[in-house]
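**Q** Got a structure here, written out as structure tokens. Questions coming.
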Amino acid sequence: MLWLFAGSIGLLMGGGAYLVLRAHGFSVVLGLMLLTYATNLFVFASGGLQVGRAPVQVPAQTGGNAIELMADPLPQALVLTAIVIGFAMTALVLVLILRALSDLGSERVDAQPMGAAPSEPQVGEALPEQGQPDACQPDEFRPSESQLGESQAGEEEP
Amino acid sequence: MSLLLILPLALPLGLGAWLFARSGMPLRQQRRLSLMGALGQLGAAVGLLALAVDGQIAATLIGDWPVPYGIVLAADRLSALMLSLTSALALAAIAHLSLSAADTERSGRHFHALLQLQLFGLAGAFLTADLFNLFVFFEVLLIASYGLLVQGGGPARSRAALHYVVLNMVGSSLFLMGVALLYAVTGTLSLAELSDRLPELAPDQAPLAGTGLLLLTGAFALKAALVPLHAWLVPAYSAALAPVAALFAIMTKVGVYALLRLFALMPIGDALSDAALAERLLARLPIQTVIATGALLTLAVGAVGVVVAAELRTMVAYLILVSVGTLLAGVAAGTAEGIAAGLYYLIHTTLVTAGLFLLIDVISQGRARGSWLQPAQQPPAAAWLGALFLLGALAIAGLPPLSGFVGKALILEAVQDASVAGSGSGPDWMLSWTAVLGSSLLVVIGLSRAGIAIFWQGPPSTSIASGRGAYAPTAAALLAASPLLALFAAPIAGYTQALALQLLDGEDYILAIRGLEPVDPPSAVTEAVAKSIHGGPS
């Protein structure tokens, strides 16, 4: 059981990491969900894997269990908290992606803002990075910088 | 005493919930309530600070559960200092909002509710004495910060918020895994118990605990924006509304705070010379080296960013990166002097960068080009704003009369001492000196360029300064902290020195938490459970 459990956590983690690194918002949400599941299972296992043991103490009159035969209740409580938080976070990310979809016109995580805010200098031509289809993660930070650089250069020339 | 500990949590939580329920309330009224909430929190924080100055550690049991189970809140010198900084920043941010009409229009109905929940999360993170509750409060403050970040709307904010949320969710997963690993080997999550049990682990369990500690380091380094985990910071901070960005100045410091707590858990510094400990894996964890190297990289990236930034807000966001690098360079020395110097610098940099965010908000509202560094008509009241900008620039660059200089000098001295004494496992002190001093030079160059573009290149303003916010009173108040910090450098550095000793020693913290007794005696069942658990970790 130990190997099955560890293997499933590894599989979930690997799948989650792969999906989070994809460029599409929906894949990222799925990836985050898998990562959260893997983490929850991991936390659950931190109390030791036991079968058929209750996390509460049953009174002796009803054929109770000794404290030694109790499952560790703390990780279960932690997992419950973590599940709730993970659920809320996933909902939040979904809302943010929908928001980004309406603001940016694309659900890709590396989408560029369409047109700049009125106070900012206009960025003229399309950025070179936009041609690369799946280069999300390494480029995540670059577009905004290159955008700033270009806008500055464009303004200083005249 | 327990009231002082509960108030900074209960007040913003209650107020935040109330404001959410009554979100139809006029903004002015919401702002007044929010301001009063922050004032109350500041009062409690100062009360805790007064207790902490004498070395007293306030601690309380929530819900009256006996020590190993219940939620424990504790405020030592470090917690009290961070809490006071947080409430002071919140006060300035809310006051700034009430002075600047534009921001009032841009912020949404739920702004103050979210701000209060953010304060709740921050206060909880600083006061909790339990690793899992630290996780929970991290999530609370992060959820609130996502909401605050998108205030005002717009594509840039949506994009920054999305990246920020995704990166932080991955970080939270790492955090939780680290917590689970530590629980699996030690059977406790209380910070006090952990620091007691970690050095006594069996050799076969030490690798697991080490993995857990390294995962936690990764998660906290992400919050502290240590390069290469810094990518979320600059877009998020430069996209946020000015009061939000000012409050966020404390957010990277939450990561630094958590790293410090982690340091306190581990046998580092003096303990390294102990042969028996050094043989164990935990004492040889490369956490100090990782942080020291990361700090140098952060300094480099931040300083280059300051020089090339095309916009003032981006520039200040990079200044935050530089300041994180500088203070972690001190902390990574691992000695009490290093941590003390880093914390003195932390007070300075938090207040000054927050002040700069508020100042450039006023400046960019008065210019046609906004916060972009292109010649345009000067903002109204340019002489006064220029003087404030000069004050902030001198302070953050670390030039002599102000607190930045004192902080950097303390850090450099501590790094050299630690390296010469051989107790620091970080890079050679010359490397740290080069990075800190080189970054200061680049910061001076970058800020000079900004000052020239805004205040010298361009005709004087034709419009007259109007409105209460035109003279940036909130920014002035925050920036005024810098000369004060320099003037009272001795007592403040004395406090941070005592803080570092208290943190590294850890004995007082453990005793304060173990000494807590519930008001009602525990029942027979809890006693029995306590006995079986204390029999030894499974």
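In case you wondered, yes, glycine gets a Cβ from its N, Cα and C as well.
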**Q** Looking at B:1-21, B:316-336, which one is transmembrane segment according to TrEMBL?
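**A** Comparing B:1-21, B:316-336 with TrEMBL, transmembrane segment matches B:316-336.
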**Q** Given the cut-off of 8 Å on Cβ pairs that are 6 or more apart in sequence, determine whether the transmembrane segment (B:342-360) and the transmembrane segment (B:206-227) share at least 3 such pairs.
**A** no
**Q** Using a Cβ distance cut-off of under 8 Å, indicate which of B:78-99, B:119-149, B:206-227, B:285-309, B:381-399 has the most pairs with the transmembrane segment (B:239-265).
**A** B:206-227
**Q** Let me spell it out: take the transmembrane segment (B:78-99), skip the flanking residues so only those 6+ beyond its ends count, and list any with a Cβ under 8 Å from a Cβ in it.
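**A** Same-chain contacts beyond the flanks: 8, 28, 31, 34-35, 38-39, 41-42, 45-46, 48-49, 51-52, 107, 111-112, 115, 119, 122-123, 126-127, 242-244, 246-247, 249-250, 253-254, 257, 260-261, 343, 347, 350-351, 354-355, 358, 361, 467-469, 473-475, 477-478, 495-496, 499, 502-503.
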**Q** Which residues of the same chain, at least 6 past either end of the transmembrane segment (B:381-399), have a Cβ under 8 Å from a Cβ in it?
**A** 319, 323, 348-349, 352-353, 355-356, 359, 362-363, 366, 405, 407-408, 440, 443-444, 447-448, 450-451, 454-455, 460-461, 465, 470-472, 475-476, 479, 482-483
